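**Student:** For reference, the structure I am asking about is given below.
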Amino acid sequence: MDRLQRLMMSQRSNMIGAAATEMPLDDTKETVYISSLALLKMLKHSRAGVPMEVMGLMLGDFVDEYTVNVVDVFAMPQSGTGVSVEAVDDVFQAKMMDMLKQTGRDQMVVGWYHSHPGFGCWLSSVDVDTQRSFEQLNSRAVAVVVDPIQSVKGKVVIDAFRLISPATVVRNQEPRQTTSNVGLLNKPNIQSLIHGLNRHYYSLNIDYHKTSAELNMLMNLHKEQWQSGLKMHDYKEKERINLEATKKSVRIAEQYTKRIEEEKELTEDELKTRYVGKQDPKKHLSETAERVLEENIVSVLTAGVNSVAIK
């Protein structure tokens, strides 16, 4: 009985001590918003450094306790050979920040990014030390890891991390509190868990926001120019494309004929919903024919222009 009382008293004292040392925790709703410009610059810098690791700093603002806004990044003159990068060049950083302020970019450093070409998004022991030095300057600093090898068009392999406080681990508390159902955490992979995810650091939500100017920039990335029409295509390849387009047109024409026969037996109300959510054979046939005609007209004109120019 005495032993049970001593055990209950020790648990009570631990609870009182934990309550006395209670401190504000980060929230699982906290999201890192990365602009399109910053994301493109990170990917371009990371791809240029393959197979080496590269790093840079992120500029932005801490809007509130739930939002970290990244508007721009700039590369640092460092590279790594393994899973780590060298220390940050303070002189280069100071000069770069002064030059950016002259151009009107007066945001503060909200964290850093580096690449892991081909081996996923996680933090090595040296990366953890680098992140700890950033968090000594600002406790909300963010470490972003991007993998340029695994990233493909439409899906960027990227993740954001922040260290777990050792005091939280000692008190056996959760590193973050959950106050809303907003936000979606990605399911961690085995590789990240092996390298200390949710033990030494945790992952943050990432979202992307686009302004009207950035949206216009992205729409013009793969926009064809007037020189594209003067490019000659291989005649055998062009013949194969035309043959496939002709076979496709025949199939669509058969579907269109079948559609006309079916429409004779349908009521007016059934006709209105006949092709809702389905492919309209008439519209599809018209689009295919117009595209084939345009491509062949351009091809013939290009061949004529090139033959005259070569003479």
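Glycine too: its Cβ is placed from the backbone N, Cα and C atoms.
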**Student:** For the Zn(2+) site that Swiss-Prot assigns to H114, H116, which of the candidates D127, D129 is also assigned?
**Tutor:** D127
**Student:** Applying a 10 Å Cβ distance cut-off over all chains shown, what neighbour count does H116 (Zn(2+) binding site) have?
**Tutor:** 23
**Student:** Applying a 10 Å Cβ distance cut-off over all chains shown, what neighbour count does H114 (Zn(2+) binding site) have?
**Tutor:** 27
**Student:** Taking the Cβ of D127 (Zn(2+) binding site) as the centre, how many other Cβ atoms fall within a 10 Å radius?
**Tutor:** 25
